[in-house]
Amino acid sequence: MAPERRSRLSETAGLFVSLLALTSIVPVQAVATVPQTDYAKRAERVLRSAPLIDGHNDLPYAIRKSTRDQIYDGKLPFETSLKGHTDLPRMRKGRMGGQFWSVFIACPSDPNAPIDLPTFATRDTLEQIDVARRLVDKYSKDLMFCDNPGCAKRAFRQGKIGSFLGIEGGHQVGSSIAALRQAFYAGARYMTITHNCDNAWATAASTVRAGKPDLGMTDFGPALIKEMNRLGMLVDLSHVSHQSMRDILKVTKAPVIFSHSSAYEVSKHLRNVPDDVLKTVAKNNGVVMVTFVRTFVNVDDPDSVDVNTIVKHIFHIAKVAGWDHVGLGGDYDGTTELPKGLEDVSKYPYLIEKVLEAGATEEQARKLVGENVLRVWTEVEQIAKKIQRSGALPVEEVWKGRNGTALSERSTFIEGPAPLAYGCD
């Protein structure tokens, strides 16, 4: 080989080695340039690396109340500014990576109404699923409808906000497992077992707050949980009574979520989760998503609540259950009682700053903002696939206390000659 060629090769090799060394050093230097005490930049780094997924937002119900689910007439400026807590610019400012939209419909106004009182709740729930999905479709440049955790991760990689649906109360499906199944097929991926009323499956926390006994889960409850486990639908224990929490955790085969609840030991409100349940949630591999409602997080002095109150709840749950079992579920647009510093969805980066300032590592913060709930959702799906592969069929059990002729009256269709008419002319 000619001397000049050897010289050029040597120079090229030396340059390559130098560049290789430089590339191995620069990222380390770039990371090191963010001081540990620069919590804003560290929070930004967390939110770039993990999707911030909120467990509960009531914007679809706010749309129903304000526009009767009309979103195409120009009266819902979601892309610019809405009066409530949530719109697209504020979601972007809040660095949100995913949102469980609640397709909420209220319990009957009479707290003493029979559980099987005929209502329009199931119809209205389908309308809320419809408007939520139409909203996501309308703003598909920024939002992506997802019904599985893989899609949620893909949305984050594409710079979109994953949008998922949750039903807030078993009354919304008429205490019917078949109706629940259809809601799942329509895209709902969690159901809160009760809202502020008992149903055929469990006792609500609001019932106990009203001075009535905590009867926990009903005899029909295990059938519901069995079907939700089979489907791969997240079991949400926010709003249920403390005994209902304990009973359901005994029968579920999959991790549970609390979509918007905080720590009972910090604030003695029955909507919060007691320590013994937090420990069981850890064994169950579930997640408690901390809510921001002032009267929940400081029952004694709600006016004093600020972002540090929420940090206190987060750290208590992390201490009792572990950092693998805590998340965020603000309840934006479902309450007017929000902490100072967390007035709308744009404030999430500030919360993460405060969590880091209080001593959490960035790894712990990533778990908090979204990795935990995605892990739970993934495990719920894996368990469902295993159950389905075992040959488990859809649950057909019907609540014995239900009204309605077709299922509550026995006919001779199977046992003897069919009648000439079934009364369905």
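Glycine is treated like the rest: Cβ placed from N, Cα and C.
Among the features that Swiss-Prot reports, signal peptide is placed at 1-31. Taken from Swiss-Prot, the feature Zn(2+) 1 binding site covers His56, Asp58, Glu168, and the record attributes it to sequence analysis. Summarising the annotation, Swiss-Prot assigns disulfide bond to Cys107-Cys197 and lists sequence analysis as the type of evidence. Swiss-Prot lists Glu168, His239, His260 with the feature Zn(2+) 2 binding site, giving sequence analysis as the kind of evidence. If you look up Swiss-Prot, you'll see His195, Arg271, Asp331 marked as substrate binding site. Residues or ranges marked as N-linked glycosylation site in Swiss-Prot: Asn403.
Positions of the features from Swiss-Prot, shown on the structure.
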residue	record	CB count, 10 Å
His56	Zn(2+) 1 binding site	29
Asp58	Zn(2+) 1 binding site	23
Cys107	disulfide bond	21
Glu168	Zn(2+) 1 binding site	29
His195	substrate binding site	23
Cys197	disulfide bond	22
His260	Zn(2+) 2 binding site	34
Arg271	substrate binding site	25
Asp331	substrate binding site	24
Asn403	N-linked glycosylation site	12
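Put simply, Arg271 is the one of the recorded positions Asp58, Arg271, Asp331, Asn403 whose Cα lies nearest to the Cα of Cys197 (disulfide bond). If you compare Cα positions, Arg271 (substrate binding site) sits closest to Glu168 out of the recorded positions Cys107, Glu168, Asn403.
Around His239 (Zn(2+) 2 binding site), taking its Cβ as the centre, 25 other Cβ atoms fall within 10 Å, counting all chains. Taking Cys107 (disulfide bond) as the reference point, the binding-site residues whose C-alpha atoms are within 10 Å of its C-alpha, out of His56, Asp58, His195, His239, His260, Asp331, are His195. When every Cα pair among His195, Arg271, Asp331 is compared, the largest distance found for this substrate site is 14 Å. For the pair formed by His260 (Zn(2+) 2 binding site) and Asp58 (Zn(2+) 1 binding site), distance between Cα atoms is given as 11 Å, rounded to the nearest Å. Within 10 Å of His195 (substrate binding site), as judged by C-alpha distances, the recorded positions found are Glu168, His239; the full candidate list was His56, Asp58, Glu168, His239, Asn403. When the binding-site residues His56, Asp58, His239, Asp331 are compared by Cα distance to the residue listed as 'N-linked glycosylation site', the shortest distance belongs to His239. Under the DSSP three-state reduction, His195 (substrate binding site) is assigned to coil, being neither helix nor strand. Residues His56, Ser102, Phe104, Gly169, Thr192, His195, Asp236, Ser238, Ser259, Ser261, Asp331 surround the recorded Zn(2+) 2 site, their Cβ atoms falling within 8 Å of the Cβ centroid of Glu168, His239, His260, which are themselves excluded. Put simply, His239 (Zn(2+) 2 binding site) is 9 Å from Glu168 (Zn(2+) 1 binding site) when counted between their Cα atoms. The binding-site residues near Asp331 (substrate binding site), taking a 10 angstroms Cα-Cα threshold over the set His56, Asp58, His239, are His56, Asp58. For His239 (Zn(2+) 2 binding site) paired with His56 (Zn(2+) 1 binding site), the C-alpha to C-alpha distance reads 12 Å.
Mapped onto three states, the DSSP output places Arg271 (substrate binding site) in coil.
Following the DSSP three-state reduction, the secondary structure of His56 (Zn(2+) 1 binding site) is strand.
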